[in-house]
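J.: I'd like to ask some things about the structure below.
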Amino acid sequence: MGNSCSRLGIPPPKGPNVVGCTDFMMDHSTQGSFFRLYYPCQETEKSEKPDWVPSREYFNGLADFMKINRTVSERIFNYLFGSFKIPAYTDAPFKSDEKCPVVIFSHGLGAFRTLYSAICAELASQGFIVASVEHSVDTRGTYGDEQKGRVLPAAGHVDCGISFSNINDIDQSASATYYFRKEAEIEQSGSTQDSLIKEWMYYRSLRHGESEFPLRNQQVKQRADECILVLDRLTEINSGVAVQNVLQTQFDWTTLQNSMDLCRMAVMGHSFGGATAVEALCKEVKFKCGVALDAWMFPLDDNIFPQVKQPIFFINSEKFQWAGNISRMKKLESAVVQRKMITIRGTVHQSFPDFTFLTSNWIGKLMKLKGEIDPKLAMDLSNKATLAFLQRHLGLEKNFNQWDPLIDGQDDNLIQGTNIIVLQSAI
């Protein structure tokens, strides 16, 4: 039984469109694509809103990430968050009168695909199709399974129980995620049929004495590859290529044929996802611009900064950033390409995920899920500034330009640039 406080909940989106959502997994193995799609929809009588946290295993993953006991934390998390719903309708029919621009969203370290629904649903309500990636893919063909102490084989290969030795091939940056492995079943007729068994993978902390940069650098590259892979999947769907969704939802994917404006695609993310967005811009020019929410720049190689050619918008919290991190953002400053930065006063790092809406004021501040600013106001400023930036750089014919002043920090609750002092010599 979850927290039933009526004052708490993820705010509904403000755009003109009703929002639907569905999950997609292509290829059941660790090499597949896994994301939640948010889109403009038509509401039906049978439409229901999905749980914010899809299953208890995600609570276990959050406990691992926070380094607290699973048994105790599961009860606490379930009480605090177990009853909340996402402000979108499950598998509702797609509906749009025009082609939709596309945003690929990357979650932060220890998060998962549903934790940024306030942002993703708002974009969808304004006419975007948004794919919120759950980072789980092994782009190299193998994936470390620490819980079992063996390598999970690439599809079509035999599991020989070999110990995993190359730590840099592991992602495990989500608190929890899953894939399916095939298990042969003997039917009564005597024939053999493969069934799919769900396997969970949990967040992996740094080992004692392990250097952090090699792991995070490898992860950010894999994460960017996943964002590009999702973009490729959506391109196939838009082209009418038949796709098989392992999750077997009720959503009709054929309705998305010719629904997306593939000339207007952006990448966005929070924290580690912000760094992922920068990496993805470097790797894929189809992304026309990027938005980085309170980006954690540590995982990125210095040599990628001059390679990024697209506009970037950094939206930062007031309490999270520090000089070294800001100096890396400033390495992307350009006289040719627009690079913008604003800071929202009174915000903390967790002012961007949905957590900020789901706890009381004192618990939220105790757990650093809330800042001094009203979380709805902070989210509203961030979303409006994002929409204005996307209109400017995707060439949209909307009315989002009414919020153009926010891009330059022109609001009492915004700071143009940063509140952090950075020495020019550090850039």
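Glycine is treated like the rest: Cβ placed from N, Cα and C.
Automatic, uncurated: that is what TrEMBL annotation is.
The following feature annotations were taken from TrEMBL:
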type: ACT_SITE; residues: Ser271; note: active site, nucleophile
type: ACT_SITE; residues: Asp294; note: active site, charge relay system
type: ACT_SITE; residues: His349; note: active site, charge relay system
J.: How long is the line from the C-alpha of Asp294 (active site, charge relay system) to the C-alpha of His349 (active site, charge relay system), rounded to the nearest angstrom?
T.: 7
J.: So for Asp294 (active site, charge relay system), how many other CB atoms are inside 10 Å of its CB?
T.: 28
J.: Taking the Cβ of His349 (active site, charge relay system) as the reference point, list residues of the same chain whose Cβ is under 8 angstroms away and which are at least six residues distant in sequence.
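T.: Looking at Cβ-Cβ distances below 8 Å from His349 (active site, charge relay system), excluding near sequence neighbours, one finds Ser271, Asp294, Ser317, Lys319, Phe320, Lys368.
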J.: Hey, what's the Cβ neighbour count for Ser271 (active site, nucleophile) at 10 Å?
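T.: Excluding its own Cβ, Ser271 (active site, nucleophile) sees 24 Cβ atoms within 10 Å.
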